[in-house]
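Engineer: Please read through the structure below; I'll follow up with questions.
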Amino acid sequence: MAPAAALMSKCQEEEEIVRPVADFSPSLWGDRFHSFSLDNQVAEKYVEEIETLKEQTRSMLMSGKTLAEKLNLIDIVERLGIAYHFEKQIDDMLNHIFNIDPNFEAHEYNDLCTLSLQFRILRQHGYYISPKIFSRFQDANGKFKESLCDDIRGILNLYEASHVRTHGEDTLEEALAFSTAHLESAAPHLKSPLSKQVTHALEQSLHKSIPRVETRYFISIYEEEELKNDVFLRFAKLDFNLLQMLHKQELSEVSRWWKDLDFVTTLPYARDRAVECYFWTMGVYAEPQYSQARVMLAKTIAMISIVDDTFDAYGIVKELEVYTDAIQRWDVSQIDRLPEYMKISYKALLDLYNDYETELSNDGRSDVVQYAKERMKEIVRNYFVEAKWFIEGYMPPVSEYLSNALATSTYYLLTTTSYLGMKSATKKDFEWLAKNPKILEANVTLCRVIDDIATYEVEKGRGQIATGIECYMRDYGVSTQVAMDKFQEMAETAWKDVNEGILRPTPVSAKILTRILNLARIIDVTYKHNQDGYTHPEKVLKPHIIALLVDSIEI
């Protein structure tokens with residue numbers, strides 16, 4: 001008997017069991033990433049040239065004389081994805097810029113482009129600047145002056161700056177509306193590469209984009225610029241390709257681990273998305289020093305996907321109750337209580353976290369794995385509540401739904417797990433995160449409501465009534481569109497909380513907070529246009545995966 005058939009047979013006792021099978025599409029990638037052979041000669045050649053270019057770039061980065069020059073240099077280096085080589089230099093430059101005129105009252109630079117760039121970059125690095133700096137571009141009614149309309153680059157920078165807004169910043173709300181309207185109107189009449197930049201920005205704002213995805217895009221755009229810096233460009237291309245080699249090695253490791261588990265055969269009801277899981281981690285951190293962290297996080301995402309599908313797309317209540325209890329006990333001796341198919345994922349789950357403890361023991365950090373275990377137990381408890389609602393046909397009030405569904409968004413778990421492989425993440429950082437700070441709550445909310453919008457139609461088609469959208473419609477007697485608009489409004493509020501949470505002073509380091517910000521960015525990209533890019537990666541994620549993990553940049 002084939003394994004899949006054997007599984008179905010074993011999961012039936014005296015009576016036919018009706019299971020909520022979701023019928024997920026197979027992996028897009030097959031064995032494509034299972035093996036990767038590093039060309040050491042090419043890698044060594046890249047490293048050698050990069051070291052030379054790095055010194056040249058450092059010198060050029062520090063050579064800016066005017067504020068506009070300094071900001072443009074920082075912006076280009078960051079967009080090209082090579083800023084991680086110059087973190088201290090950039091921090092020192094921005095600290096100097098901020099402290100010279102913290103209220104930005106000097107009128108040396110009154111142009112919209114420079115001020116908008118200054119505002120966005122400093123905010124993204126945690127410096128608070130008042131939106132009042134834009135008042136010089138507004139009329140008595142708070143509207144942006146129509147005389148700005150010919151300054152397309154200025155308006156484009158204003159548009160990008162508007163996405164770092166926090167609560168109560170009406171000027172930035174007006175900036176977003178003004179810049180969006182004028183960019184949409186101007187886009188068809190612009191020449192390349194500016195037309196491409198405007199169209200791209202309207203589709204995906206820089207602040208909410210996955211940095212590595214943005215890097216790949218910007219390298220191609222920057223190459224078209226007449227005033228491009230050839231040293232920067234070559235450095236960026238070589239660095240992208242060298243880092244891509246590391247990413248391919250890591251993906252190969254994750255893919256082989258996934259293949260060895262053989263869930264595709266033994267648990268055919270679940271999604272086969274190991275490649276998409278790894279892509280997710282590249283959004284959290286792409287830099288080379290986070291290699292171990294990426295592999296750990298990718299494996300965790302793949303594992304929680306299996307657990308999620310067990311609750312959501314296969315298990316029945318009596319099985320799930322035992323499964324939930326076994327995970328709370330976290331003891332391999334519990335395995336005999338489980339149905340055969342659950343034994344497979346239960347053992348794999350415990351083995352995975354044992355591996356984490358072994359890996360981290362080398363750095364004396366094995367104790368932090370407990371924080372990730374507790375988050376795993378938490379999400380499983382909430383999955384069980386959700387599964388009971390679905391199976392029993394219960395539709396909770398929206399407040400009850402959200403109190404449970406925030407955990408099942410996975411972001412409490414994934415944020416905690418993202419710190420495991422970060423050697424700079426201390427026990428104090430894990431303790432801070434365990435208390436669910438406001439920025440984490442915002443990120444979890446963002447993930448939940450955007451996921452609910454994107455998956456509503458599919459879940460409705462499967463007979464799922466306990467969805468956030470359905471609960472809101474029932475509670476408030478409104479249409480689907482009104483409910484979706486409300487959830488979108490909640491997402492915008494959450495983004496403002498995230499933006500506020502990275503502003504100084506902060507209780508933890510910028511490196512810790514950046515993981516949370518990047519997880520928010522992944523949601524914006526993965527669920528673009530209300531599509532579930534994880535479950536159905538062919539439209540949304542496939543082009544990004546090809547750009548980052550298949551195609552290298554021509555040197």
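Quick reminder: no glycine exception, Cβ is built from N, Cα and C everywhere.
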Engineer: Please find, within the list 48-52, 308-312, 358-362, 528-532, the residue stretch that Swiss-Prot describes as motif 'DDXXD motif'.
Structural biologist: 308-312
Engineer: I'd like to confirm something. Which of the binding-site residues, ASP451, THR455, GLU459, has a Cα closest to the Cα of ASP312 (Mg(2+) 1 binding site)?
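Structural biologist: Checking each of ASP451, THR455, GLU459 against ASP312 (Mg(2+) 1 binding site), the shortest Cα distance is to GLU459.
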Engineer: Could you tell me the mean pLDDT over the motif 'DDXXD motif' (308-312), as a whole number?
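Structural biologist: That stretch averages a pLDDT of 97.
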Engineer: Helix, strand or coil for THR455 (Mg(2+) 3 binding site)? Use DSSP.
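Structural biologist: DSSP assigns THR455 (Mg(2+) 3 binding site) to helix.
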Engineer: Treating G and I as helix alongside H, and B as strand alongside E, what does DSSP give for the motif 'DDXXD motif' (308-312) in helix, strand and coil?
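Structural biologist: Helix, strand and coil residues of the motif 'DDXXD motif' (308-312) number 5 helix, 0 strand, 0 coil.
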Engineer: Quick one: which residues besides ASP451, THR455, GLU459 have a Cβ within 8 Å of the Mg(2+) 3 site's Cβ centroid, in sequence order?
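Structural biologist: Output for this site, in sequence order: ASP452, ILE453, ALA454, TYR456, VAL458, THR467, ASP532.
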Engineer: Measuring Cα to Cα, how far is ASP308 (Mg(2+) 1 binding site) from ASP451 (Mg(2+) 3 binding site) in Å?
Structural biologist: 14
Engineer: When a 10 Å sphere is centred on the Cβ of THR455 (Mg(2+) 3 binding site), how many other Cβ atoms does it contain?
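Structural biologist: A 10 Å sphere around the Cβ of THR455 (Mg(2+) 3 binding site) contains 22 other Cβ atoms.
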